[in-house]
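Here Swiss-Prot flags 34-54, 58-78, 219-239, 254-274, 588-608, 616-636, 662-682 as transmembrane segment, drawing on sequence analysis. The active site, 4-aspartylphosphate intermediate feature in Swiss-Prot is assigned to Asp307; the stated evidence is sequence analysis. Sequence annotations record features per position, and here Swiss-Prot assigns ATP binding site to Asp344, Glu348, Phe377, Thr378, Ala379, Gln380, Ser381, Arg382, Met383, Ser384, Lys395 based on sequence analysis. Residues or ranges marked as Mg(2+) binding site by Swiss-Prot on the basis of sequence analysis: Asp518, Asp522.
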Amino acid sequence: MSRKQLALFEPVLLVQALTDAVKKLSPRAQWRNPVMFVVWAGSVLTTLLTLAMVTGQIAGGALFTGIISLWLWFTVLFANFAEALAEGRSKAQANSLKGVKKTAFARRLRAPRHDAQADNVPAAELRKGDIVLVKAGDIIPCDGEVIEGGASVDESAITGESAPVIRESGGDFASVTGGTRILSDWLVIACSVNPGETFLDRMIAMVEGAQRRKTPNEIALTILLIALTIVFLLATATLWPFSAWGGNAVSVTVLVALLVCLIPTTIGGLLSAIGVAGMSRMLGANVIATSGRAVEAAGDVDVLLLDKTGTITLGNRQASDFIPARGVDERTLADAAQLASLADETPEGRSIVILAKQRFNLRERDVQSLHATFVPFTAQSRMSGINIDNRMIRKGSVDAIRRHVESNGGHFPADVEQNVENVARLGATPLVVVEGARVLGVIALKDIVKGGIKERFAQLRKMGIKTVMITGDNRLTAAAIAAEAGVDDFLAEATPEAKLALIRQYQAEGRLVAMTGDGTNDAPALAQADVAVAMNSGTQAAKEAGNMVDLDSNPTKLIEVVHIGKQMLMTRGSLTTFSIANDVAKYFAIIPAAFAATYPQLNALNVMGLHSPNSAILSAVIFNALIIIFLIPLALKGVSYKPLSASAMLRRNLWIYGLGGLVVPFIGIKVIDVLLTLLGLLGLA
């Protein structure tokens, strides 16, 4: 992936974020965040009190109240800045995507064939169902399916990957994305969406986050923060009559400062930024999530369904051995296998031809010169082969060849059955070769497990995530590869129906399931899964069924998606722990300062030895504002992620963010108090 990554603090983004932070000071914007709305209301109240004191309408220390008011406004601004900076990074990513959209004309065909009469129309006028012809050098005007032709397509504007890809009619590589460019040949495309509904439009809308909805965990946390705010608001309101009854009423300014320091302003100010940044990090991994809910669900996933080919193994199975049936020599088997593979352009087919050359110097022959007919592989027959004169040679799966042999009056040999089982036990895939009704032997196709994948699965297991390998191989082959790769379970001879049933089974047990897919046959399972990552190279049906799209079309990315989701949840939990813990230190600073005159016994709580009541209150308010700024990088980048069990992760975060949340404010407030004292700032010392 070559997409340019944004620096955490781009100067242009900082300037725009500062401007947006000021714009967010409106009551309507603040109302969306109840905790910060209370701080905003306190800022307005203390500002009005300052003006009243300056004009002599009420008695009181205008200077002290004014400074408190100023830092309360800073608290609101800093929270706005955190959110605006996160949104600005997302908008910058969206702007880069908008640059892909180009106003262009399209050749709309009057009939679904490339030689039909065409009308030049603006791309914006295309509707779902329209047929267009796109030639080399043209920008593809709409999302759609290729119904005729094949071409090399440059998708770098969408994926960031410079290497062109092949798009052609039929199969799982027929889906094209508007905004990409054809490099060679031509395509006839059936548009699958209306203007404004394209994949690119949905990417831009998601990234900009204008309609970003809060996720369930965000809503739950917001409710908790609101409840804490209400409790502290009521507690603060009751303190004034207590102090007045004691003969030394606490000022409204001090009560407002106390309330702001008590409520969880740190997480309240950073909560929205954490959610936006999580979506942005997902895009940084070249994965488009349709909503924050999908990113959050990725963090809660505890079952991963992983396709064997391309995810667990390298996906390029190679012929490794010819195992003849009893009474058949190996050269005869190799000759028949090569003939059956002459027109087979799959990596497996080419490797069979090459192995026959290497073993027996059987030179590759030409199908046309042999006057032969190639029989392609189909999902129904599960065989491919060649017809030469009266010879009918086939290669395919064991079950398919057995049915073929029996339907032609033959018998499937027991020794071949044993050879098939032996190959499968070694983790290779057996292909059986037959001529007419006579079974000639077995070809072993060896698939290589990716390096380091076993260690990654071990890390996932530590985190309580179960890994399940999905494969079309028979049970013996699947079991051998599963053992080699270190997955927890496997589903062999998988069909779309079997995958869907497995997902429903895990969900019925209360588990969250993640999977990848690229074909139309994957769509039902993708729609059922909690986290469904569709490949960008896959079909339109798969992309519409999933709640994420991997622009790199890399099935292994599913593991990274889970890591990003867990990091977002950990960041939110860690900063919530820190926010609530650091309130404790603020209690020790502000409560003795506010009530020591009325209740001298409270001086015992002044463990920090703060210089004066005014400097103690101001130090706590200043720290409360500055800590938001210091935590913005952590909120945007996410906390350090380590693959640990839930209990180990909880202990780690309590030590770092719980204990840290207790210690840091004691140090910070004391340092600010010392600075205020040394400066003799405004006589507050």
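Glycine too: its Cβ is placed from the backbone N, Cα and C atoms.
Swiss-Prot feature annotations superimposed on the structure.
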residue	record	Cβ contacts under 8 Å, 6 or more apart
Asp307	active site, 4-aspartylphosphate intermediate	Met469, Ile470, Thr471, Thr516, Gly517, Pro555
Asp344	ATP binding site	Arg350, Ile352, Val353, Phe374, Phe377, Ser384
Ser381	ATP binding site	Gly396, Ala400
Met383	ATP binding site	Val375, Phe377, Arg394, Lys395, Gly396, Ser397, Ala400, Ile401, His404
Asp522	Mg(2+) binding site	Pro496, Lys499, Ala534, Gly538, Ala542, Ala545
CB contact flag for the transmembrane segment (254-274) and the transmembrane segment (34-54), at least three pairs under 8 A:
yes
Could you tell me which three-state DSSP class Asp522 (Mg(2+) binding site) falls into?
helix
Looking at 34-54, 58-78, 219-239, 662-682, which one has the highest count of Cβ pairs under 8 angstroms to the transmembrane segment (616-636)?
58-78
Same-chain residues near the transmembrane segment (662-682), Cβ under 8 Å, at least 6 residues beyond its ends:
63-64, 67, 581-582, 584-586, 588-589, 608-611, 615-616, 618-620, 622-623, 626-627
Take the transmembrane segment (219-239) and find every residue of the same chain, 6 or more past its ends, with a Cβ under 8 Å from one of its Cβ atoms.
34-35, 38, 250, 255, 258-259, 262-264, 267-268, 271, 572, 576, 580, 594-595
How many neighbouring Cβ atoms, not counting its own, are there within 10 Å of the Cβ of Asp518 (Mg(2+) binding site)?
25
Within 10 Å of the Cβ of Phe377 (ATP binding site), how many other Cβ atoms are there?
17
Where Ser381 (ATP binding site) falls in three-state DSSP terms:
coil
Number of other Cβ atoms within 10 Å of the Cβ of Lys395 (ATP binding site) across all protein chains:
27
